[in-house]
Amino acid sequence: MKAIFLDNDGTLVDDMPFAAEPRRIRLVNGAGPALRLLSGLDYRLFVVANQSGIAHGCFGEDAMTPMSDRLRDLLFREQLTLDGFYYCPHHPLGTVSNYAHACTCRKPSPGMLLRAAHEHDIDLRASWMIGDILHDVEAGNRAGCRTLLIDNGNETEWRLGPRRLPTRIAPDLYHAAMLIAGHGDPC
Ligand SMILES: [Mg+2]
Ligand SMILES: [Zn+2]
């Protein structure tokens, strides 16, 4: 099976820093058609989200279920199924001691993608990571996926490096899906 790994904030949903109010979550423009296109090509859909707000004490881990339920609900209304929601609650500079440490899941580390692949039998080389910053790209590349950067202004540092080059770049999620759909299968 192949997958699309989606960053959450700024990629799948409109950016709301540290906001954990599920009712305010909105899918980005064009998310429905984009993900229906990819789903129709047999890609499974996963969210892989850094949620350092937990480590910073902005909200608790108990906010994650309502958030993923809301996402599943919004996607269901678009005739879409979310196959998994993975999040990293950690941050090395956090203030909540349980979560204030380095980890292997926080992007740019690939841990969430590797775990999803293991749990859902995903072929990473046939899969894509879509995100709006280069940390997403690096996580996808390190996991062995192809990567697509949505260049929507959220990446501001442009710290480049050999693992931080995306396979493709698109202005938004809809164009990202069109590029992936036209990219063909790996040989
Ligand atoms: Mg993002
Ligand atoms: Zn983590």
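Glycine too: its Cβ is placed from the backbone N, Cα and C atoms.
Annotations in TrEMBL come from automatic prediction, not curation.
Since the structure is predicted, the reported quantities are computational estimates derived from the model, not experimental observations.
The annotation active site, nucleophile is assigned in TrEMBL to Asp7. As annotated by TrEMBL, active site, proton donor applies to Asp9. What TrEMBL lists as Mg(2+) binding site is Asp7, Asp9, Asp132. Here TrEMBL flags Cys88, His90, Cys103, Cys105 as Zn(2+) binding site.
Within its own chain, His90 (Zn(2+) binding site) has Ser52, Ile54, Ala55, Tyr99, Ala100, His101, Ala102, Cys103, Cys105, Arg106 as residues 6 or more apart in sequence whose C-beta sits under 8 angstroms from its own. Separation of the C-alpha atoms of Asp132 (Mg(2+) binding site) and the residue listed as 'active site, proton donor': 8 Å, rounded to the nearest whole number. Summarising the environment of Cys88 (Zn(2+) binding site), the number of other Cβ atoms within 10 Å of its Cβ, over all protein chains shown, is 21. On a Cα basis, Cys88 (Zn(2+) binding site) lies 12 Å away from the residue listed as 'active site, nucleophile'. A straight line from the CA of Cys88 (Zn(2+) binding site) to the CA of Asp9 (active site, proton donor) spans 13 Å. For ligand 1, no neighbouring binding-site residues occur among Cys88, His90, Cys103, by Cβ distance under 6 Å. Take the mean position of the Cβ atoms of Cys88, His90, Cys103, Cys105, the recorded Zn(2+) site; other residues of that chain with a Cβ within 8 Å of it are Asn50, Pro89, Thr104, Arg106, Ser109, Gly111, Met112.
With respect to ligand 2, the binding-site residues Cys88, Cys105, Asp132 contribute Cys88, Cys105 as residues with a C-beta closer than 6 angstroms to one of its atoms, given in sequence order.
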